[in-house]
Amino acid sequence: MDAQNSAKVNTRKRRKETLGPNGATEEDGIPSKMPRCAIGLRQPAPFSDEIEVDFSKPYVRVTMEEASRGTPCERPVRVYADGIFDLFHSGHARALMQAKNLFPNTYLIVGVCSDELTHNFKGFTVMNENERYDAVQHCRYVDEVVRNAPWTLTPEFLAEHRIDFVAHDDIPYSSAGSDDVYKHIKEAGMFAPTQRTEGISTSDIITRIVRDYDVYARRNLQRGYTAKELNVSFINEKKYHLQERVDKVKKKVKDVEEKSKEFVQKVEEKSIDLIQKWEEKSREFIGSFLEMFGPEGALKHMLKEGKGRMLQAISPRQSPSNSPTRERSPSPSFRWPFSGKTSPPSSPTNLSRHKSAAYDIRYSYLEQNKFGSYVLLAQVQPGLTKNDAYGPQSQQGGHTKESVDP
């Protein structure tokens, strides 16, 4: 696994090192880096009627070979590009950029048609002519702007503005009863083709607006525009307000759902943590319990030791079988307990008396000998002492540790 992970990391590193600006690769055409400079355009492009032209000098148009090879700085190649430029977008800017870069030394003139011509030959525009003039003026590739440009280029117009080449996309542009309004320009060898930017055009933008008209109308109503300004009927206005409220409720419900999901996720994470901690603690508790109360636990050993001690205390050890017998000195006289007469223990009369008296014994006096066994010293009735059991012999120094046979 470590080798695979390291290989993946190295692959990502190599891929990152080979990428250019914004993730571009060599196949995409990485542009060469340019030195940073603070020089740039500070003013919009001027209008053609605001520029003084010296008509005393004759104007000679350059050929395509001369323009491609490069002209002197004082004699740039004058390239003309025209259009409506409604809702000025990146497609327009890219077309003008291509026209500006057709030749090494290019002076770009852009003609913008008026509202009257556009409405007559193409249709209604979103932006008026002044807005379209201003948008083109602020494009960085434009050197000069021609207001109220003609729909069809005439030789007089080309001579007036001293135009060398006309830049436009190569697709035939049919309008004003002609299959291609640039046909005569192409035949004269003054046409320089450019490429259209796919995926964006003024018609596409208008189509998006029409498709999402309700969304834009609701948004503008919310921003403060009136229904009259938006050309929205009273019923549609109420419908849009109702939809706006419904969307707010949906948004609130969605927010509550997201918050509830986050809460549930947090609870699940905490519950998992608690379960893991509980499992760890339970393992510790079970281990401690087994150590204490298990089959080989400490409690069993304690009980075994206590049981052994109790058995040892209750059942003393037996005397060894080869232990020497103890010799007792014969007593001249023996006094039976609870009796004042002395008689030999072998007498049948005294034996019967002794057996009858054994039922009245209540207290016994024991003493442990040197072999660990307990011997009966005396047995007396309640109220009598040990000396009373042995009689006068115990007081005269007789044998006090002899057992009395009941």
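Note: Cβ is positioned from N, Cα and C throughout, glycine not excepted.
Here TrEMBL flags 239-266 as coiled coil.
The compositional bias 'Polar residues' annotation in TrEMBL covers 315-324 (among others).
Residues or ranges marked as compositional bias 'Low complexity' by TrEMBL: 330-339.
Taken from TrEMBL, the feature compositional bias 'Polar residues' covers 340-351 (among others).
Restricting the average to the domain 'Cytidyltransferase-like' (80-208) gives a pLDDT of 93. Positions annotated as domain 'Cytidyltransferase-like' by TrEMBL: 80-208.
The region 'Disordered' annotation in TrEMBL covers 1-35 (among others).
The region 'Disordered' annotation in TrEMBL covers 314-353 (among others).
Per TrEMBL, region 'Disordered' is recorded for 385-406 (among others).
Here the coiled coil (239-266) has Cβ contacts under 8 Å with residues 214, 217-218, 221-222, 232 of the same chain, all six or more residues outside its ends.
Residues of the domain 'Cytidyltransferase-like' (80-208) grouped by DSSP class, helix first, strand second and coil last, total 45 helix, 26 strand, 58 coil.
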